[in-house]
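For reference, TrEMBL has these:
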{"type": "BINDING", "residues": "E93, G94, T95, R124, Q138, E142, R267, Y271, Y272", "note": "L-histidine binding site"}
{"type": "DOMAIN", "residues": "33-353", "note": "domain 'Aminoacyl-transfer RNA synthetases class-II family profile'"}
{"type": "REGION", "residues": "1-21", "note": "region 'Disordered'"}
Amino acid sequence: MNERPNPTPSNKTALSAPKGIPDYYPPQSTEFRAIRQNFATAADNAGYEHLELPVFEDTGLYARGVGESTDMVSKEMYTFADRGGRSVTLRPEGTAGVVRAVIQHRLDRGQLPAKLCYTGPFFRYERPQAGRYRQLQQFGVEAIGVDDPALDAEVIALADRCFKSVGLTGYRLELTSLGDWRDRPAYREKLQGFLAKLDLDEETRRRAEINPLRVLDDKRPEMIAQLQEAPLLLDHLSAASREHFETVTGLLGDMGVEYVVNPRMVRGLDYYTKTCFEFVHDGLGAQSGIGGGGRYDGLMAQLGGQDLSGIGFGLGLDRTLLAMQAEGVQAGAGRRVDVYGVALGEGARSRMPIIVDQLRARGLRADMAYGGRGLKGAMKGADRAGALFALVLGDQELEQGRVAVKDLGTGEQVDIRLEDLTEHLAVRLGER
Ligand code: HAM
């Protein structure tokens, strides 16, 4: 007798995905895919072309691109040596990789701006909690090569349209300007002067020296109180930066995109200059940022390319799904198929797979009951699939070359000739 090998206790334990790494499975996975498709369609309508980029890059790209003093680079990267001893890093974000690819493949030598979009997983070793994962999914765009406030407005309005396309309404868009290299040094000195007079703990004092702007993001109540009177970069912009920002807000107003100016916004990446923005959803608790982005003047040059500006965003697909659940809205059809075949009897059972295959060939969404289930069980299957129509085929109908089409919403049933079935369903589904 053949016996199965006796599993050792260690391989008997059920396996789980690594900590902080989410799975998306039905029915949420269908919604997840619909979000991604809606976002991609919105970007496509605005002329953005698809980029498919590697999931890991040389570690140096992020140190140079995102900034060594950021939490993302100093604490959160999945960095390891490959078998050849090279240090590589699972991508924590997309912008640095896009800029690297633009330079490498000379996409900045054609029509500008180069307008690109991308989607996929990113990896950050953060403390997992609701809405904060170690593998997160984004949809992003980057428009590289032109420093025009109209492009800032386009990118921001596009992000807004993405969220609207999946039915979200309960979010707000926050905007600010971080100025450029001309505005920063004087402001930095002023802010450091202000911070020096405060009662700060050791770590915050260190942060004030390395990146004083990030101190403004401190969420502790005692710090918020101390920072009330802090000088704000928005009040210290050069005339050029101010004009840029005012043009962006003016255009957004004319486009009907609602926003609030938040001069205290701090983004977790070092490359931003001028326009910066974040979409915040109130239904999500602590992890309320559903998307964000901004302009980056120096990044192309920093990574060895031409001195060209760019602007883009990353929208969090995981958090978008959570926000939709919080609002009770759906982006997908909410049903697995439209048509469900129910075969009763031997002959019908061997014919139904062919019927269903023909429906699919016509572009209809169809499935059927397998495993010789009776009428009741099969109709339950149709119901679970969310089908709009059931096709009930018995051997007697088959002999007459007919099939019953049952509208599962109204319960109405019509008798159709088999050769007319595909067109009949195509017309009725087209009317929905
Ligand atoms: P980011 O703000 O770091 O920007 O990420 C963008 C979005 O990704 C966030 O608003 C959030 O929705 C989502 N996200 C970030 N971390 C997590 C996490 N641990 N779990 C779940 N969702 C998360 C960037 O990545 C920039 N590259 C965006 C950009 C493009 N700026 C210019 N171009």
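Cβ coordinates are placed from backbone N, Cα and C, and glycine is handled just like the others.
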- prompt: DSSP on Q138 (L-histidine binding site), three-state: which is it?
  reply: strand
Field: Whole-number Å value of the largest CA-CA distance among E93, G94, T95, R124, Q138, E142, R267, Y271, Y272, listed as L-histidine-binding
entry: 21
Message: Within its own chain, what residues at least 6 apart in sequence put their Cβ under 8 Å from the Cβ of Y272 (L-histidine binding site), listed in sequence order?
response: L178, G294, R295, Y296
Task: For Q138 (L-histidine binding site), write down the residues of its own chain that are at least 6 apart in sequence and whose Cβ falls under 8 Å from its Cβ; none is a fine answer.
output: E93, G94, T119, G120, F122, G314, L315, G316, L317
Task: Run through the Cβ atoms and count how many others sit within 10 Å of the one on R267 (L-histidine binding site).
output: 20
Statement: For T95 (L-histidine binding site), the number of neighbouring Cβ atoms whose distance to its own Cβ is within 10 Å equals 26
Field: Model confidence over the domain 'Aminoacyl-transfer RNA synthetases class-II family profile' (33-353) (mean pLDDT, whole number)
entry: 95
Query: Including all protein chains shown, what's the count of other C-beta atoms within 10 A of the C-beta of E93 (L-histidine binding site)?
result: 23
